[in-house]
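Trainee: Input: one structure, supplied below.
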Amino acid sequence: MDEACVLNLNLTNPRFSANKTFGIAITVKDFTNSDISTANDHQAYKTLIGRVTVLMYFQVTDTTHPPQFVDPTPPNNQRYTIYVGGDFHVDVYARPSQSNRFIKKFNFLRRDGRPVNQTVLAMPGTPGETVNISMSWSPVESDAGFHIVCSNAMDNKGISTVELHCFRIEVRVNIDRPRPPILGKPYFTSFPEPKDIVCPLNTYCRFPVYATSPHTGGIQEIVSTSQSKENVTIQYSHDKINGTVPVTVAQVQFLALTPGPRQICLNASDVKNFKVECLYVIIQRPDPCASLPCVGNALCRAYDDNSGFICICDERHFGKRCENVINQCDQASTLCALSQCVHTPLLKPYYFCTGCPPGKTGERCTMDIDKCLKNSTEKCDENKICKQVNENVVCLPEKLTANCSGCSSDTQSVCVKDACVCALGLVDDGLCNTENGLFQQNKDTPHFVPPTSDVGSVITCDFHLSSCIFPVYILSSGIPVVVNFNNKRIKHVRSVNITTPRTLGSPDVYLSKISIDKEATNENHQYTAFDICLNVAKMISPSIFTDTRCFRVQDKGVSKQGNDPNQMSSMYPECSFSVETPPRESVIGCKKGKPCYFYLYSRTTNSSCPRLITHDEFSGIFKPTFDSGLCRYEIVYKNTTSVGENTLCFMLCAGGESRCFQMYTNDIADQCEPNPCTNNGYCQTLPTRSFKCHCKKGFWGNYCEKGLCASNSTCQNDAACYINYNNTECRCRYGFLGSDCRNQSNMVLTNTVENGGHFTQLNRIEILTCYINGKCYIPLFMLKNVNQMPRVELGFFDKTLELQNVEILPSEGGVVQGTLSVIGHELGVKKICLDSVATPRTSKIEDEICFLINVTEGHYSANQKMVPYFIKPTLPNAAVIQCYTGEQCHLRLWAKNRIGMKNCPMLDVDKNIEDGVYVFPLKNADREPCVFETSINSENATDTNLCFSLRSGALNNSFENLFHEERCYTIRFLRELEALDSCVGKSCYNEGFCDSSYSPSQCLCRSGFSGENCSIEVGHPQGIDTSLTNQPIFGDVALPKRVICPLLEECVVAFSVTYNSDAFRVSWNGTNVNNVTIEHHQIGGSHDYRGKASLLHNVTGDDEFCLSLISPDGKTYDAICCNVTSKSSIFHFSPFKHGVYLYTRTVLPRAHLYQ
């Protein structure tokens, strides 16, 4: 931070005495004043980049009465901003503290040790007298940067001022802005453009301008006019540019005390004429983020004009400075409605509920306690299976093992209801010795096999946990590959993780665990359902999928077992189900009339598997198999004679873990035969007896009938190619059209006369939000006529809107891009229109575009460059855009990546091509600014919300987790766009102006013309009924009631005359006016005359001045009068210095008009 540090020492303590010495070690730390990205990210004002420790040596002396710097010496540590071409000049004044002493000399020191120019102090000085010395420096471009120049004064006793008097100087490079000569007039050969001159607040700002004249004697003077908003001083001298063109160099200086853009107008005059030019100097406030106003890890964003800041808080804080810690217990009525809330500021979710009602637990006391747990007071007897129904416990007795004749009750068979049931994969012939081919057929083509979940099954995930695991089984002759089918990001799922398949029991049947890892636990306890689709393939050909299956997953509440997924294994050592077992309360779908199989698992440290029991007489448990510490229990369920649901529960060991499932017997027919899904989409039969198509990547639609083309040989000009069933369609980029996008949009604009551009109707901004007194940027696009670049003029606009600029860029094919920048100075919805006209201009408005701007309270913030950010002219948030239904609607966004990254950021959008939204690939991802082009389409008249955000692509960027740029818009699809541009095609002749604020629009005629379309070649007289007279009368130029003129300076009163055929002359009368000259001339193309009366008012105060129209015979046709008010001009001169005059001049306006 560029701040002065003052060390004050109090030597009144008795420990200090004359001639004593001491030292003080001082460490100066240097922090970055901007964000920096190297191997790590360094936030502005928080990252230490260097330090230095100095030992300062002091010697205590008796009172010495040192000299003092006195006014008008500028304050100590005064700051200066000097642009190269300007000189630094300062006068320093000092006087001795004792009347018998005098100032002997001054010393000037630069921080870099280089000498400075200074005047010689006359010797000897007069005792007690104040003396001064001047110092000057003319920096060059190599001096750009920060400098310190310090001075001290010494008296004749050798005593120096206690403190150095220093001046802090920033040298900036001046930008040469050459101007063309003006024939017969003086002109500025180089003059700053907006934003060329930027000076910090409270600094002396000094910069050069250059002027020359074609007349002998050159420039006589350069002065500031009354239009200047700063009280400037101008020091000028004569020089030559490149040794050829004689110029006057004016060094403009002022003290920058008012922030924002400040207008300075300069008048360069020679012996014959003058030239006035105005510039805007930006007075910059200090960075409000430099003082680290945001607490903790919050990010600080300064307003564009540094007038304030906003703090971007983390999830734990709020407030203007993020100084307040969020107390979740403030929402106790919703969080802990049934209990007491305890704030935990360091532990997510930063609260918990205590004193939960009986049977409830969890952060909000909303979860049912698993009353079947070992430590529950309501648990069942250790020999009974515990089943929880809501808050009640049901203890189920074990089903006694049945004995069936000829049934071995081993891994191949089990007795159920007095009948022997064979294991999965064996022929159910009572012997259970013959394989039925289930696990032998097509092993070379990996595919899902039972007991993988099938029709009617639902995987139940506990929304209190962040991970959910379920098993799938694949038959394969070698290790298969299992991958997520379409790689789509499920909204509330971070990722689908798949373990490498492993064999268990059968050598060709592989088990793979599917883990659904959520970004966060579902704190809102909302039921959600979604599908997980998986592909299988051979290891040697992983891209050739041989089977696909989709699994229904539901996120719901399950009785609370604990946050630790390993809690059950620690609570029930050797007697808990392992993660390969289907999750609790999952639904297992069974075919009506057929046995239903599934597997349960437990882990053990020895080869002895724990005993598993069930309560259900229609279920059988085969003898478990053991492999690599994992016991597998095969279960068969035989109660499938009728459609319906039953609960089936199991328990491991005596008093071990209980787990229940819902058995759903169904007769749902296969809805996917034949497969209705096109483009290799996978068909899933749903429990609702319908089907759903899961599309491969790049395809969408109810039947996967739409998709991107495999090769783009049809569509041209980088268009997107996609198929709709068997038809190929093209989605064109901006500026192209046609079935194959081969044509430029402007090929339809070929008229050589009416050659104005047309504003594109591919989208229309209905309304956008801009902040009051802040510059707002609006993108616009035009179809360029093939013969001519478009010409744009300002149409109707609200008087409270200030047009800053309309920038038209070189064309991209048939489309011309532009930017409208405007400032709103009053709250509310305002309208501004732009008109497209032909070149040369005709009376017709070729096209018009109007914008509604909602001016609201707020501030634009500087870009936070630690993350990717949108740049102008990207539309501001909350804009509403109108588009035609059934047609492409285009939207462009401009962005840059975070500091340290040269490539373009990634653009995320919350809709995809299935929703009609397509983001074209970047044409050049390594060149900034990055222009993202989006095509949006809808066949229906509807509103859709569309949000865009940016990602840097950096592996580790903690700032993006806290803050990211986002722009959200409402896209309104309409059959017909709502018209705001009522001037389209209207002709206002004789340079009339079309005013679209009326409905229908009206032509506003210039002076000398009238009529509905300004075609009548006479104007409307002011306040006169023209039907009552056919004589000359004063016309449509309104005469003000009062004209304010500088005393003894020329003042002009304008008038016009509506003329028929009678001759006339103009006379005047008035008091205290002289040198009156009247001239008038006929308005081109009109019968009316326009004139002016020039006068000098020779006294201060008010006097009446009148004009009359006189006939040749002396008759007065008409007369008008006004009051003339004069005030004196004010001049300030300063002494003659260095061969030039240094002065300021304030000139009152030539004429202020009051009604």
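Numbering starts at 1 and runs along the chain as displayed.
Backbone N, Cα and C atoms are what each Cβ position is placed from, and that goes for glycine too.
Remember, it's a predicted structure, so these values are computed and weren't measured experimentally.
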Trainee: Choosing among Cys721, Cys732, which residue does TrEMBL name as bonded to Cys741 by a disulfide?
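Mentor: Checking TrEMBL: disulfide partner of Cys741 resolves to Cys732.
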Trainee: Check the domain 'EGF-like' (979-1015) for me and report the mean pLDDT.
Mentor: 86
Trainee: Would you mind sorting out which of Cys294, Cys1005, Cys1014 (the disulfide-bonded residues) have a C-alpha within 10 A of the one on Cys313 (disulfide bond)?
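Mentor: Cys294, listed in sequence order.
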Trainee: What same-chain residues, at least 6 away in sequence, bring their CB to under 8 Å of the CB of Cys311 (disulfide bond)?
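Mentor: Looking at Cβ-Cβ distances below 8 Å from Cys311 (disulfide bond), excluding near sequence neighbours, one finds Pro293, Cys294, Val295, Ala298, Leu299, Cys300, Arg301, Gly319, Lys320, Arg321, Cys322.
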Trainee: Counting only residues 6 or more past its boundaries, what in the same chain has a CB within less than 8 Å of a CB in the domain 'EGF-like' (285-323)?
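Mentor: Residues packing against the domain 'EGF-like' (285-323) from afar: 1, 33, 43-46, 200-201, 259-260, 345, 350, 774-775, 859-862, 864, 866, 959, 962-963.
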Trainee: Nearest to Cys741 (disulfide bond) by Cα, among Cys695, Cys704, Cys1005, Cys1014 (disulfide-bonded residues)?
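Mentor: Closest recorded candidate to Cys741 (disulfide bond) by Cα: Cys704.
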Trainee: Please identify, among the disulfide-bonded residues Cys695, Cys704, Cys1005, Cys1014, the one with the smallest Cα-Cα distance to Cys732 (disulfide bond).
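Mentor: So, spelling it out, the nearest of the disulfide-bonded residues is Cys704.
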Trainee: Compile a sequence-ordered list of residues in the same chain as Cys1005 (disulfide bond), six or more apart from it, whose Cβ lies below 8 A from its Cβ; state 'none' when nothing qualifies.
Mentor: Cys988, Asn990, Gly992, Phe993, Gly1011, Cys1014, Gly1019
